[in-house]
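Copied over from TrEMBL:
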type    : residues             : note
DOMAIN  : B:30-103             : domain 'Phosphoribosyl-AMP cyclohydrolase'
BINDING : B:D77, B:D79, B:D81  : Mg(2+) binding site
BINDING : B:C78, B:C94, B:C101 : Zn(2+) binding site
Number of protein chains: 2
Amino acid sequence: MVFDAKTLTYDERGLIPVITQDHLSGEILMFAWMNAEAVARTLETGAVTYWSRSRQAFWIKGETSGHVQELVEMRVDCDRDCLLVLAKQTGPACHTNRRSCFYTAIRDGVEVEIMAPEN
Amino acid sequence: MVFDAKTLTYDERGLIPVITQDHLSGEILMFAWMNAEAVARTLETGAVTYWSRSRQAFWIKGETSGHVQELVEMRVDCDRDCLLVLAKQTGPACHTNRRSCFYTAIRDGVEVEIMAPEN
């Protein structure tokens with residue numbers, strides 16, 4: 001079946017959640033949102049493009065920082081209401097300069113930082 | 001810092017998105033939601049417990065099917081508005097009996113099923 005971004009299920013804001021994973025290591029890099037146009041642009045350009053809820057604008061990841069994400073593969077879940085993006089990440093994915101946004105673990109009831117910012 | 005589920009950022013429904021990943025293979029198993037009480041119950045019991053939006057009830061994963069998720073580690077993202085759950089999955093995670101809910105890939109503009117249901 002030919003994929004059409006319009007056939008996905010979006011929330012009341014017109015957004016779908018996106019999990020971004022390093023295509024080689026399997027590490028979860030970040031979590032963000034796309035609208036139908038961002039999904040289409042990501043597939044067309046190969047540059048992972050989110051919808052920024054705070055700026056209410058398209059967000060080509062790394063456009064400013066250079067920490068771009070090159071699309072390797074997009075996957076859709078069973079309910080068609082979540083996307084998994086496998087990407088080739090240049091530099092850190094997190095705005096804190098860490099490889100991943102998920103750098104805080106909960107261990108024995110305590111928050112532990114498990115990843116340092118990159119230089 | 002001692003972790004308190006109330007310090008996370010929840011949406012207007014009181015929910016936070018949760019990515020669940022196989023703790024060994026790194027495979028993304030599913031995507032669902034928790035409220036603060038589900039986060040606390042998951043940490044207390046070690047049985048991954050979501051909030052079902054359709055049933056408006058706590059959803060102890062696998063309680064009916066036996067396809068339980070044993071919590072290995074919970075992680076919080078930089079914005080404290082998304083959780084990553086590393087879990088030990090018994091049986092398939094998806095209600096379609098597939099290992100993962102993300103069994104549809106988009107390749108050359110076409111939807112391709114990349115994972116078969118388990119027996």
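Placed from the backbone N, Cα and C atoms, the Cβ positions cover glycine too.
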Next on the checklist: I'd like the Cβ neighbour count for B:C94 (Zn(2+) binding site), meaning other Cβ atoms within 10 Å of its Cβ, all protein chains included.
Outcome noted: 21
Next on the checklist: What does the DSSP secondary structure composition of the domain 'Phosphoribosyl-AMP cyclohydrolase' (B:30-103) look like, as residue counts for helix, strand and coil?
Outcome noted: 10 helix, 29 strand, 35 coil
Item to check | Spatial separation of B:C94 (Zn(2+) binding site) from B:D79 (Mg(2+) binding site) - C-alpha basis, Å | outcome: 28
Item to check | Largest tally of Cβ atoms lying within 10 Å of a Cβ, found at which of the binding-site residues B:D77, B:D79, B:D81 | outcome: B:D77
Checklist entry - In angstrom units, rounded to an integer, how far apart are the Cα atoms of B:D77 (Mg(2+) binding site) and B:C101 (Zn(2+) binding site)? => result 22
Checklist entry - Of B:C78, B:C101, the binding-site residues given in the record, which has the fewest other CB atoms within 10 A of its CB? => result B:C78
